[in-house]
Amino acid sequence: MSKLSFRARALDAAKPLPIYRGKDMPDLNDCVSINRAVPQMPTGMEKEEESEHHLQRAISAQQVFREKKESMVIPVPEAESNVNYYNRLYKGEFKQPKQFIHIQPFNLDNEQPDYDMDSEDETLLNRLNRKMEIKPLQFEIMIDRLEKASSNQLVTLQEAKLLLNEDDYLIKAVYDYWVRKRKNCRGPSLIPQIKQEKRDGSTNNDPYVAFRRRTEKMQTRKNRKNDEASYEKMLKLRREFSRAITILEMIKRREKTKRELLHLTLEVVEKRYHLGDYGGEILNEVKISRSEKELYATPATLHNGNHHKVQECKTKHPHHLSLKEEASDVVRQKKKYPKKPKAEALITSQQPTPETLPVINKSDIKQYDFHSSDEDEFPQVLSPVSEPEEENDPDGPCAFRRRAGCQYYAPRLDQANHSCENSELADLDKLRYRHCLTTLTVPRRCIGFARRRIGRGGRVIMDRISTEHDPVLKQIDPEMLNSFSSSSQTIDFSSNFSRTNASSKHCENRLSLSEILSNIRSCRLQCFQPRLLNLQDSDSEECTSRKPGQTVNNKRVSAASVALLNTSKNGISVTGGITEEQFQTHQQQLVQMQRQQLAQLQQKQQSQHSSQQTHPKAQGSSTSDCMSKTLDSASAHFAASAVVSAPVPSRSEVAKEQNTGHNNINGVVQPSGTSKTLYSTNMALSSSPGISAVQLVRTVGHTTTNHLIPALCTSSPQTLPMNNSCLTNAVHLNNVSVVSPVNVHINTRTSAPSPTALKLATVAASMDRVPKVTPSSAISSIARENHEPERLGLNGIAETTVAMEVT
């Protein structure tokens, strides 16, 4: 038993020894290998590498240490030898040199090319030598330069001419040969290269994986804590040391700065003492002269223990503001942290005078008071306490507050909106910023001072503003404003008048009601009231009031664009009409209907005339029947008035409306009366200024409930209304030839038809002598063109409505 195979163990007396019988006694070698053998050492390889051939041979060579040395094998890579191939390549003409190490002299010898010619190159060289002389070395240099200049992409012919300093014919011949040979060669280059790999384990081309160089080193000792936690602790320790070093460097720099500041302060004090500047006049003059040279004044701050701030320099810019911070009185003994005073803005910079120059100030005494670094005060950042004036600010937290250290420009008065406070700027932007006294029509009341502006969709928005005259303005009745006659007023919109604007809160005395009315009458106070355009001047004013590119929408007509005309005959009112094309189409349809009626009447008269000769008795009965089915004027009026029922203005209001006329207040036309215009969304004003259609509404005044009869004046094409006179003369109830339902939107709900109206409608429907008028008539087609549903007073009689003759 050798020492190498024996492992020493501590003897244990309590452990029983094994007892073997003679026939069961194992061999000594087997017993030693089982009990006392050294355990197999770990190979240090991965599991998939332990079965490799080279590793197993090395392990087996380690185990045969007791055998002869000849049987021990050191694993090495296999090497193959081919002597015949070697002798064929290298012939035995080798001569032993005199010395193996040959040192060439250090001279400028030409570098030998790495490219070696082969038999194919020699053939080309012999062919080229017939025309010109070229040496093999010269040919190798040319190929070598082309190879080294090319990587994956070959050089071009022009680049080859720059590389090779030879004849163009020679360069072209060699270049073409090199390109052809390079393409035929499947390798990366024509120059053979030795495989030189780094032995750091980065390449995996080694076939012997077991003997590769290990990039990751195995951890052999477990007692060192090189884990992540210890690494983080080391990083934290390094950061703390770096921070301590940085703090020491900053303290060192601060102390140097303080020492330099102390020396400079002593020099300034000595110079002032020699000059006799005990009051600081010369020092202030020097500061002012320096501030005039600078374009933007920058405050200079002394970084001492008291945090004293020098007064900032001032400039003479007309709209420039400088900020000045007062020196805080700090008590060093208690080390208090006082609140910094609020910065005050200086509107104008004044020149220093002997009266305003400071003689001795406590801050000047503390300016030269220094203390050591251990008494440095670190200013505590406190949240600003809201002051009473800030709490009372209407803007609240959004109020503008000046920041310390910032410079602001003074507001320019010529660009501010203070026309009401400054009389000189009262006329600036008067069309944009003026507010005038405003009166509304519905409801009729005075809303005070307001300003008009256009909102989304062309809607007019009133911006009201409160003044101290609001209690008086609420007492104004719009009828007072309507009583002013426009004929006796001379409207002047020049800027010479001192207008009272909406923001007249700052007026000294409150005006009375009579004074306000007198100001309105004399055009000293602007007054606005909405108006409705007349029919006679709507065409002329439409071109001037409408903006370029603005069109009249058929579905939305503003109240100002709907014409209103009152006539004195029969109480007939005319409201806004249809377009020119619709009017012409309607005229053609009416003419065609009249022709059809006349043709049918002539045919029936002929048939009646023939029947009168054969049946004289039947003639009288048929004549009486025809007369009974013909309605008179009063019956037609009563039947048509039962179709639509809506409230209309009273007679007193209509009379007042006719007698009042059109009034102007400050050049604005006032509406006449209190009647409301019927507003129809499916009717539009005519775009032609010369031709306009009208819609007639008959007002019946003798009944208990007023009624509106929609009809259309179509007596003849020559009775087209052009102005008020023509319209008044053209509107006659006896001229109405056709009555058809009109799509009129009435604000109030239509009442139910009376039984008498139903009977009259039934009789009219049973008349076979008069043709029916279907809903596809002219005015009904207008509603279909506007894509709106027909809203008739009598839905049940809409299909049976007939044209009636009025005698």
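Placement of Cβ uses the backbone N, Cα and C atoms for every residue, glycine included.
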Where Swiss-Prot marks SUMO2 cross-link, which residue is it, choosing among K183, K324, K676?
K324
Swiss-Prot annotation, SUMO2 cross-link - which of K98, K287, K362, K569:
K362
For the candidates K135, K340, I need the one that Swiss-Prot annotates as SUMO2 cross-link.
K135
Can you identify, from 187-207, 376-396, the stretch that Swiss-Prot calls region 'Disordered'?
376-396
Swiss-Prot tags one of S466, S486, S538, S573 as phosphoserine; which one?
S538
Which candidate in S716, S754 appears in Swiss-Prot with the annotation phosphoserine?
S754
Composition by DSSP (helix, strand, coil) of residues within the compositional bias 'Low complexity' (600-613):
14 helix, 0 strand, 0 coil
In the three-state scheme derived from DSSP, which category covers K135 (SUMO2 cross-link)?
coil
